[in-house]
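Peer 1: What follows is a structure written as structure tokens; I'll ask about it next.
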Amino acid sequence: MSALSFFVRDSIAIPQRSWPHVTLLGTCHFMSDFYTNILPVMLPILALRFDISYAQCAALFMVFSVTMNFIQPFIGIVSDRRNLNYLMPLSIATATIFACLISLAPNIITLVLIVFLVGLCSSLFHPVSASVLSLVTPKHKPGLATSIFIVGGNLGFAIAPFLIAKYIEVFSDKYLIVISIPALITVALVYRRGLHIGVKKDKKDEKAFSVKSLFKNKEFILLNLAMGLRSWGYCAIVVFLTLLLSKQGYDSVNGAGALMVALLGCVAGGLIGGSVSDKFGSKAVIVFTLIVALVCFGYFLFNPYMTFLSLTALFLSGFGLYGSTAPAIVWLQSMLKNAASFATSLMLGLSFGFGYVATLITGFVADYVDLQSALIYTTLPALFAATLIMMFIKRPVVHHEH
């Protein structure tokens with residue numbers, strides 16, 4: 001086998017529906033989320049290197065987060081009407097390389113530009129990969145396939161801080177570009193398996209849904225609102241958990257360990273939530289996971305300690321907060337026929353973008369009270385509201401293809 005044959009398939013056939021292809025997409029999601037999580041690890045180093053304040057660090061992270069999350073729906077709309085599948089491997093490769101170049105930025109302006117490019121390249125992945133996933137998912141198992149895809153990203157996001165920090169500790173941040181190799185190998189496999197090849201879009205698909213009409217769809221609005229409110233709790237964990245524990249007297253190692261526990265709970269929720277929704281339905285699973293999140297996150301916020309019970313509650317908080325993601329994607333895709341990319345970009349992009357912006361409210365409240373109280377006053381009512389909304393949304397009807 002020549003080196004060239006590894007990268008190029010002998011035919012240009014559309015990839016088959018198969019679990020190996022779904023697993024490869026999950027691996028792609030792992031790579032995408034792993035490397036885009038370099039920035040949080042690098043922030044303390046960058047703050048010292050460029051003498052930037054905490055507010056400037058937060059602004060730098062917002063450049064990345066807003067760019068990545070809020071552009072996704074627009075890309076999703078285009079992806080549903082035009083074949084953009086070829087952009088998926090390019091997104092992984094470019095976002096990875098730019099992320100690994102963050103440590104080499106010579107000044108703050110270049111740093112902001114690189115962070116912006118990481119967010120921009122990353123924004124292509126979720127909506128475009130959703131289009132690919134719809135092509136390779138075995139029929140009658142959309143929930144399980146979506147879960148495998150989501151879990152890949154969750155796992156990459158969860159373990160990235162620890163592994164990247166250890167790498168920097170041993171080799172320094174000057175050689176981050178070396179860790180891009182696994183992502184580039186994955187990109188080569190994508191080309192090898194032909195997952196970058198798309199289906200020619202039918203003109204009737206371009207009119208399959210109207211964006212304007214969606215704002216008149218009560219079910220659509222309520223589902224997105226509920227998932228946005230749910231994201232507030234998830235994003236608050238990512239942003240504030242280590243700081244909350246530091247206020248309780250725990251060091252950074254304990255804080256990182258607790259964050260790992262929460263994110264591994266997200267991995268479990270992402271996997272189980274989608275797979276059981278194929279059997280019990282999206283609404284039942286979403287309501288159940290939101291109740292779990294509300295109860296367990298509430299317990300942890302009132303008991304923010306490194307005890308077995310509190311860490312178990314934190315794990316189950318992650319499980320509940322992310323367990324609704326895959327069922328919500330499947331539900332939204334059933335509402336938006338021929339718009340899988342747009343539906344996925346709303347759930348994995350816009351809703352979490354809303355969550356990160358909402359954490360600014362939590363931070364503002366924390367300036368006047370304390371962080372623990374602010375988290376209780378903001379995230380728990382948001383989770384309660386999300387649960388109530390989901391209870392009153394009409395149950396989706398699942399239609400299987402025959």
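Using the three backbone atoms N, Cα and C, a Cβ is placed for every residue, glycine included.
TrEMBL does not curate its annotations; it predicts them automatically.
Annotation source TrEMBL lists domain 'Major facilitator superfamily (MFS) profile' at 21-397. Sequence annotations record features per position, and here TrEMBL assigns transmembrane segment to 52-71, 83-105, 111-136, 148-168, 174-191, 220-246, 252-272, 284-302, 308-332, 339-362, 374-393.
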Peer 1: Do the transmembrane segment (308-332) and the transmembrane segment (220-246) share at least 3 Cβ pairs under 8 Å, sequence separation 6 or more?
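Peer 2: Output yes: the transmembrane segment (308-332) sits against the transmembrane segment (220-246).
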Peer 1: Can the transmembrane segment (111-136) be said to touch the transmembrane segment (83-105) if we require at least 3 CB pairs below 8 Å and skip pairs under 6 apart in sequence?
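Peer 2: Touching, yes - the transmembrane segment (111-136) and the transmembrane segment (83-105) meet the threshold of 3 or more Cβ pairs under 8 Å.
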Peer 1: If you average the pLDDT over the domain 'Major facilitator superfamily (MFS) profile' (21-397), what number do you get?
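Peer 2: Here the predicted model's pLDDT, averaged over the domain 'Major facilitator superfamily (MFS) profile' (21-397), is 88.
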Peer 1: Do any residues of this chain, six or more beyond the ends of the transmembrane segment (339-362), have a C-beta under 8 angstroms from a C-beta of it, and if so which?
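Peer 2: Distant contacts of the transmembrane segment (339-362): 62, 65-66, 68-73, 75-77, 79-80, 84, 123, 126-131, 133-134, 150, 153, 208-209, 224, 227-228, 230-236, 239-240, 325, 328-329, 332-333, 374-375, 378-379, 382.
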